[in-house]
């Protein structure tokens, strides 16, 4: 999760987020190099005696400032397109979960089980226990097995929402009457927080997302207890 005064993105907890972090660093380095070059040209132009101020034609430099930006754009576009295709790949998921956005909470349905579904509300500030996070913790966490491919089906019941968990590299719009899908693999155990990322009304800020990644044995125990309660 994010921390006060943090610089950079959250720690990656999925393969896609690791790819996004690498692309982020790649893009920032490209911007840094371009900025350094532009600053050097400006400083050189300021300090020169303008001996070529009447020069009207320079084919070589025109070729350079046409080809170089094209190469830079290609260097940014290719890894970006690769990540976009990776995010669309869904290969043999071990678990499918349907998340539905409401004003203002989320409901989850484990479609591989007959009756495993529940609502997930933000815990009010006055009900928080020691160690729980204000505006982030929920009364029911979405539990997934660590290291297993999980397919998410995202929709909404009323207005537009967006299901987003930054440390897993997830952000998918929840649209009424439409099913969007994405996939992720939690590479380590832990609790990951997200929030609705589409303004959806007065309590938009109060519909967090809490995902708990746990070993398979714990997940099986949790699912059995949830099925017994239902």
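Here the Cβ of each residue, glycine as well, is placed from N, Cα and C on the backbone.
Per Swiss-Prot, the feature Cu cation A1 binding site maps to 161, 196, 200, 207; the stated evidence is similarity to another entry. Sequence annotations record features per position, and here Swiss-Prot assigns Cu cation A2 binding site to 196, 198, 200, 204. If you look up Swiss-Prot, you'll see 198 marked as Mg(2+) binding site. According to Swiss-Prot, the topological domain 'Mitochondrial intermembrane' annotation covers 1-14, 88-230, on the basis of similarity to another entry. For 46-59, the entry in Swiss-Prot reads topological domain 'Mitochondrial matrix'. According to Swiss-Prot, the feature transmembrane segment maps to 15-45, 60-87, an assignment based on similarity to another entry.
Taking all protein chains in view, 17 other C-beta atoms sit within 10 angstroms of the C-beta of residue 198 (Cu cation A2 binding site). Neighbour density around each Cβ, counted as other Cβ atoms within 10 Å, peaks among the binding-site residues 161, 204 at 161. Residues 20-21, 24, 133, 136, 166-170, 184-188, 190, 192-193, 213 of the same chain lie 6 or more positions beyond the ends of the topological domain 'Mitochondrial intermembrane' (1-14) yet place their CB under 8 Å from a CB of it. When DSSP labels each residue, the topological domain 'Mitochondrial intermembrane' (88-230) comes out as 24 helix, 61 strand, 58 coil, counted as helix, strand and coil in that order. Looking only at the binding-site residues 196, 200, 207, the densest Cβ neighbourhood within 10 Å occurs at 196.
Residues belonging to the topological domain 'Mitochondrial matrix' (46-59) score a mean pLDDT of 72 in the model. Report note: the Cu cation A1 site is defined by 161, 196, 200, 207, and the residues of the same chain whose CB lies within 8 Å of the CB centroid of those residues, excluding them, are 101, 103, 104, 106, 162, 174, 195, 197, 198, 201, 204. With DSSP states grouped into helix (H, G, I), strand (E, B) and coil, the topological domain 'Mitochondrial intermembrane' (1-14) comes out at 0 helix, 0 strand, 14 coil. Listed in chain order, the extra residues whose Cβ falls within 8 Å of the Cβ center of the Cu cation A2 site residues 196, 198, 200, 204 are 101, 104, 159, 160, 161, 162, 197, 199, 201, 207.
Rounded to the nearest whole angstrom, the C-alpha distance between residue 207 (Cu cation A1 binding site) and residue 198 (Cu cation A2 binding site) is 11. Here the Cα atom of residue 161 (Cu cation A1 binding site) is found 9 Å from that of residue 204 (Cu cation A2 binding site). Residue 204 (Cu cation A2 binding site) sits 7 Å from residue 196 (Cu cation A1 binding site), taking the CA atoms of both as reference points.
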